[in-house]
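What TrEMBL annotates here:
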type	residues	note
DOMAIN	B:68-98	domain '4Fe-4S ferredoxin-type'
BINDING	B:C78, B:C81, B:C84, B:C129	[4Fe-4S] cluster 1 binding site
BINDING	B:C88, B:C119, B:C122, B:C125	[4Fe-4S] cluster 2 binding site
DOMAIN	B:110-139	domain '4Fe-4S ferredoxin-type'
Amino acid sequence: MSTASIIVAISSFALGTLLALMTIPVLVWLERRTAGLVQDRLGPNRTNIFGFRLGGVVQSFADVVKLVLKEEYYPSHIKSGKWLFMLAPIITFVAALLAFMVIPFADTLIIGDEHLRVQPLPIDFGVFWYLAVSSIGVIGVIFGGWLSHNKYSLLGAARAASMVVSYELPLGLSILAFIITYDTVDFNAMVTSQSELLFGFLPAWGIFMQPIASIILIITLFAETNRNPFTVAEGESEIVAGFMTEYSAMKFAMYFMAEYIAMNTASAVIITMIFGGYQLPYISTQMMLDNFTTLAICVMIAAPIVVTLFIKWMQKNNRVRPGMAQDKGREFETKFFTIAFIVMTIAIEFILLYLAFFSENLLAQSIYVTVIQIATFVVKLMIFNMFFILIRWTLPRFRYDQVQKLGWYYLLPLALLNIFVTALVVVGVSL
Amino acid sequence: MSQNVKVVQRASSSVRDKLYLPAIYDGMKITFKHFFKNLSDINAVDVLRYPEEQPQDITDRYRGLHRLTHRPDDSIACVACFMCATACPSNCMFIEAQEREDGHDEKMPKSFSIDTLECIFCGYCVEACPCDAIRMDTGIFSLTGNKREDFVLDKEQLLANKGAFGEVCSCARD
């Protein structure tokens with residue numbers, strides 16, 4: 001173990017934890033704001049710290065403070081298994097968190113003759129890890145529903161469990177199709193093989209190579225995360241809040257956060273498997289390293305444009321309505337962030353200028369490529385999280401029998417057929 | 001009978017509808033349209049930003065916070081007849097009567113308080129009052145306080161509330 005490998009391991013673990021945990025407040029806020037904008041209203045945007053609203057992200061932290069300070073309440077009818085009652089949300093939370101840890105954020109970093117994975121858990125059987133660990137999450141749901149000693153909760157847990165079991169099969173089969181296609185169980189190798197070209201003009205992303213398996217994967221992952229339209233685990237009209245009816249304060253928050261981490265993990269898996277992961281289309285890692293000067297110039301041109309557009313948008317929207325008298329520091333906030341973004345852009349420009357023209361430091365260049373790939377990954381992750389959120393405000397919930405019918409009658413045969421065709425094609429190609 | 005049976009095709013029987021995915025695409029188009037339209041100009045979203053922007057469309061029939069009216073010579077219009085308290089379905093009005101010294105009537109309220117936490121703003125007190133002494137035309141729609149006692153309005157507070165829609169004095173006899 002050299003120093004470099006330790007640093008890379010620690011920083012990628014920190015990055016993974018940060019991406020998993022810090023996206024919770026952002027996603028909660030994003031979900032509420034997006035819901036607002038889709039429904040022609042605003043959503044939370046008032047909370048601020050010293051006038052800094054950040055568009056309302058602070059609201060999530062206020063919620064956290066509220067949930068932490070709330071009374072830990074145990075229903076008095078729970079006589080035995082109290083510790084398991086408390087453990088249940090933790091199981092769900094930890095499973096969702098650990099499943100995220102095998103996602104590669106960037107290509108293998110080569111320092112000297114060492115190949116270092118930018119992956120919180122540097123293992124090369126990531127798909128199996130994901131399938132194994134993410135399924136554990138439902139155990140927390142079952143425990144929660146069962147130990148609540150409440151018929152609604154038990155029903156909610158039973159529904160969630162049976163739905164997850166039914167959708168686990170098409171999920172596994174569609175992932176199997178990808179494993180056959182990419183010939184690997186390593187997430188990183190999957191991404192690398194997606195950097196090639198299909199028919200000479202399409203990026204060889206999973207969505208183009210395996211369209212049916214991709215759709216099945218997206219649908220089943222929606223079901224696995226218990227999100228709309230597959231919210232059979234909870235239902236206001238039939239079973240109150242489902243398995244989390246008896247949970248309060250931080251225990252509830254654990255389930256709540258687990259749902260968001262699971263959504264984040266599902267987005268990460270989807271983009272890693274079918275949308276090229278951290279890769280930009282048409283550009284492989286080796287190409288980036290070989291043409292670093294061109295890449296640097298492209299980023300140097302693109303960064304100011306993006307930042308200018310963002311600042312324009314912020315100056316237009318982060319202000320009170322013209323008719324309103326009070327401003328309450330919004331103008332100051334806009335000014336502060338404008339200057340901060342400009343300073344940041346200038347710093348990036350100078351670093352790139354130095355790296356591209358005055359330094360031949362290959363290590364710094366490959367680290368910079370890694371950073372670009374991480375940024376690509378984060379942008380794609382957020383776009384797909386937005387897709388998850390927007391689907392929620394587009395589709396109505398499925399009835400429970402519709403959920404099961406979709407899973408067993410349509411998705412499972414389709415996945416089996418797809419895997420059959422895939423196997424035939426792969427065998428045919430290799431012959 | 002069987003000749004009269006009309007077979008109506010189900011609305012969602014085309015292949016496009018059965019595939020569901022095109023319908024999801026149609027729905028996403030609407031969602032995205034709203035989202036991006038509102039994201040591009042957040043100030044154009046038609047909402048009332050409440051604490052800064054106050055509602056301008058309160059009509060004079062709006063039942064706001066209560067007030068006690070005055071006679072033209074500024075004395076209290078209430079004669080402490082207890083009609084309002086009797087009509088009140090939630091028993092939130094507490095009136096204590098005393099003898100009246102200013103020569104208008106026999107009685108006036110010594111204390112007159114309304115517990116607005118109990119009040120259901122039904123307006124029965126206004127209907128019941130024979131002297132037009134209590135009204136709910138203040139236009140005050142928000143009532144805030146830090147403790148429960150803040151929500152019990154006493155006689156002075158009720159007299160201090162102003163009518164928002166013109167009529168200041170009680171139109172009862174003076």
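Just so it is clear, glycine is given a Cβ too, placed from its N, Cα and C backbone atoms.
Locations of recorded TrEMBL features on the structure.
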{"residue": "B:C78", "record": "[4Fe-4S] cluster 1 binding site", "DSSP (3 states)": "coil"}
{"residue": "B:C84", "record": "[4Fe-4S] cluster 1 binding site", "DSSP (3 states)": "helix"}
{"residue": "B:C119", "record": "[4Fe-4S] cluster 2 binding site", "DSSP (3 states)": "coil"}
{"residue": "B:C125", "record": "[4Fe-4S] cluster 2 binding site", "DSSP (3 states)": "helix"}
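Long-range contacts of the domain '4Fe-4S ferredoxin-type' (B:68-98) within its own chain (CB-CB distance under 8 A, at least 6 residues past either end) are made by residues 104-120, 122, 124-135, 155, 158-159, 161, 163, 168-170, 172, 174. Nearest in space to B:C129 ([4Fe-4S] cluster 1 binding site), taking C-alpha to C-alpha distance over the binding-site residues B:C88, B:C119, B:C122, is B:C88.
Taking only the Cα positions, the spacing between B:C125 ([4Fe-4S] cluster 2 binding site) and B:C84 ([4Fe-4S] cluster 1 binding site) is 4 angstrom. Contacts of B:C88 ([4Fe-4S] cluster 2 binding site) defined by a Cβ separation under 8 A and a same-chain sequence distance of 6+ are given as B:Y124, B:C125, in order along the sequence. The candidate set comprises the binding-site residues B:C78, B:C129. Of these, B:C78 has the most other Cβ atoms within 10 Å.
The distance from the Cα of B:C119 ([4Fe-4S] cluster 2 binding site) to the Cα of B:C81 ([4Fe-4S] cluster 1 binding site) comes to 19 Å.
Sequence-distant contacts (6 or more apart, same chain, Cβ under 8 Å) of B:C122 ([4Fe-4S] cluster 2 binding site) comprise B:P89, B:S90. Residues B:C88, B:C119, B:C122, B:C125 make up the record's [4Fe-4S] cluster 2 site, and a Cβ search at 8 Å around their centroid adds B:C84, B:A87, B:P89, B:S90, B:C92, B:M93, B:I114, B:I120, B:F121, B:G123, B:Y124 from the same chain. On the 0 to 100 pLDDT scale, the domain '4Fe-4S ferredoxin-type' (B:110-139) averages 89 in this prediction. Taking the centroid of the Cβ atoms of B:C78, B:C81, B:C84, B:C129 as the [4Fe-4S] cluster 1 site, the other same-chain residues with Cβ within 8 Å of it are B:V79, B:A80, B:F82, B:M83, B:A85, B:I95, B:C125, B:A128, B:P130, B:C131, B:A133, B:I134.
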